[in-house]
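Pulled from TrEMBL, these are the features on record:
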BINDING   Cys68, His351, Glu393, Asp423  Mn(2+) binding site
BINDING   Arg107, Glu265, Arg266, Lys288, Arg319  phosphoenolpyruvate binding site
Amino acid sequence: MSDWKLESWRAKSALHQPVYPDAVALREVTSQLEELPPLVFAEEIQSLRKDLAKVERGEGFLLQGGDCAESFAEFSQQNLQDTVKVILQMAVTLTYAGSCPVVKMGRVAGQFAKPRSSPVETRNGESLPSYLGDIINGIDFDESSRVPDPQRMLRAYQQSVTSINLLRAMATGGFASLRNIREWNLESVNGTKLAERYGAMTDRIHQALDFMNACGVPMEAFSSLQGTALYTSHEALLLEYEQVMTRQVDGAWYDLSAHCLWVGERTRQEDSAHLELMRGVENPVGVKIGPTATADDCLRISTQLNPDNESGKLIFICRMGAAKTKEVLPALLKAVSDAGRKVIWVCDPMHGNTETAASGYKTRNFDRIMEEVIAFFDAHRNAGTYPGGLHLEMTGRYVTECTGGAYEISDEDLHHCYDTQCDPRLNAGQALEIAYQAADELRRFRQK
Ligand code: TRP
Ligand code: MN
C-alpha cells in the first residue's frame, strides 16, 4: 500500500459528494471531528475480520440490517431497541437452524448519507437540490434546508456515539443473554404464525439450557451465552467524514467510524475515490453488486480492494432483483471462485426489487424479496460456493412500506404507516419471515 495516502482519494473521481458553500466552515468541522474519539476500536475491527473469515470459509453467516437511512428526527431509544430485538431474534433463529455462528451487524450508528438518482428534486414545478441524508442537508422541501451544512456531520457523529452506547449496552449488559430470548419478541408480531414459530424455538432453547444446567453445566459458566457482539456498518459515502474518522493505530489505518463500511453501486467505478479511500483501511469492506455488474468488475474490485487476497476483507453485497439474480449471479460466482479470489457473498434482496405502487408510493413486494433470497441460495448451491449472508433494510417498528408478507399489506395500506426517510423497509414481522426462510435454506445448505 505504499502508494496509498489518507488523501489519495482526492485525485480520483468522487461521485455523489455535496458541494459545501463555505469551505472555511467545512474545515472547522473536520478539524473538530479530528479531535473527537473514534466510534469503534481497531481491536474490534480485527475480531470482525476473524468472524468474517469464518463466514468466508462457510462456517458462519452474516446478518446485516437496519434503516435505509438513519435520521435525526426518528432517533429514539425505542426505535433502536426494537430494531436490535428483531436482529437478535433473526440471528438466534439462523444460529439455531444453521447450527453456525451468526455475525450480527447493524446498518446503524452512521448510516446517514444517501446517493440520489438525481441531484435535483422537482415538486409542483419548483426545483431544489435533492435531499442527501441528514448528515449533509435537510429533508424539508425548502431552499435553506437543502443547502449542505457541515455542522450536520457533528450531529451525526454525536447521534452515532449515543447509538453505539446503547448497542453495546444491549449486546453485553444482559439483555442479549440467551436466557432473555423471549424478551426480544415484539408486540406487533404477537398472535401471528411467526410468533408461534418463535415461541416453539425459544421453548426448545430454554429446555436445552435447563438440561445442560441439570447436567452440571450452568450457563453462568459461559460468557458466550450471556451476550453477543453487535457490529456497526454504513455506506462510506461522505468522504470528508470518512477521511476524518480514518486513523492510524499501530502503524495500520482503520476507518474508526464503524466496524464495516460499504461502497455503493453508484460509486464503485474504476477510478472511484471511494474505493481508493477504502483500499487503505484494515476494515472489512462491502461493495454493492448490481444487475449490470460483470465478472471483470468483480475481479477488478477484488484486486483493487484486496490485492493480497486476505481473508475476511471483501464482501460482495448482491442487489440484482429476483430475475437478474438467476440470470447474472451464476457467472459472477464462477468467475470469482475460478480466480481463487476470497469473497464473502451476501444477498441484499431489497434494492433490486424497488417499484412504484399504483398509489404512488415507492415500495417493494415481499414475494419478490423472498424470491431473490431463494434464487441467491440456489445460485450458490449450483456454483459450489457459499451463501454468506443477508443484508436487509428493516425496522423493528410496525411500518407499511413493503407490500405482502404475514400482514398482507396491500398497495392501499401503504399510507397507514409510511415513515421511511428514503427506501421502503421490512417491518418486524416481514423481517422475521425472511429470516425463517433464510434459516430453512441455510439448514438445507449446511446439511447437504
Ligand atoms: N454469544 C453467542 C453468539 O453471539 C450466543 C448468543 C448469545 C446469541 N446471545 C445471542 C446468539 C443472541 C444470537 C442472538 O452467537
Ligand atoms: Mn436503501
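Keep in mind that glycine also has a Cβ here, set from the backbone N, Cα and C atoms.
As the structure is a computational prediction, the values presented were derived from the model and not from experiment.
What TrEMBL annotates, mapped onto the structure for a quick look.
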residue: Cys68; record: Mn(2+) binding site; contacts (Cβ under 8 Å, 6+ apart): Arg107, Gln111, Lys114, Glu393, Thr420, Gln421, Cys422, Asp423, Pro424, Arg425
residue: Glu265; record: phosphoenolpyruvate binding site; contacts (Cβ under 8 Å, 6+ apart): Lys288, Ile289, Gly290, Arg319, His351
residue: Arg266; record: phosphoenolpyruvate binding site; contacts (Cβ under 8 Å, 6+ apart): Leu15, His16, Pro115
Residues Arg107, Glu265, Arg266, Lys288, Arg319 [recorded phosphoenolpyruvate binders]: greatest CA to CA distance in Å: 18
Query: Secondary structure at Arg107 (phosphoenolpyruvate binding site) (DSSP, helix/strand/coil)?
result: strand
- request: Determine the binding-site residues, out of Cys68, Arg107, Glu265, Arg266, Lys288, Asp423, lying near ligand 2 in the sense that the CB is under 6 Å from one of its atoms, and give them in sequence order.
  value: Cys68, Asp423
Per-residue Cβ crowding (10 Å cut-off), top of binding-site residues Glu393, Asp423: Glu393
Task: Compute the centroid of the Cβ atoms of Cys68, His351, Glu393, Asp423, then list the same-chain residues not in that set whose Cβ lies within 8 Å of it, in sequence order, for the Mn(2+) site.
output: Met350, Thr354, Thr420, Cys422, Pro424, Arg425
- request: Count the other Cβ atoms sitting within 10 Å of the Cβ of His351 (Mn(2+) binding site), across every protein chain shown.
  value: 21
Query: Which of the three DSSP-derived classes (helix, strand, coil) applies to Glu393 (Mn(2+) binding site)?
result: strand
Query: Under DSSP, is Lys288 (phosphoenolpyruvate binding site) helix, strand or coil?
result: strand
Statement: Within 10 angstroms of the C-beta of Lys288 (phosphoenolpyruvate binding site), the count of other C-beta atoms across all shown chains comes to 22
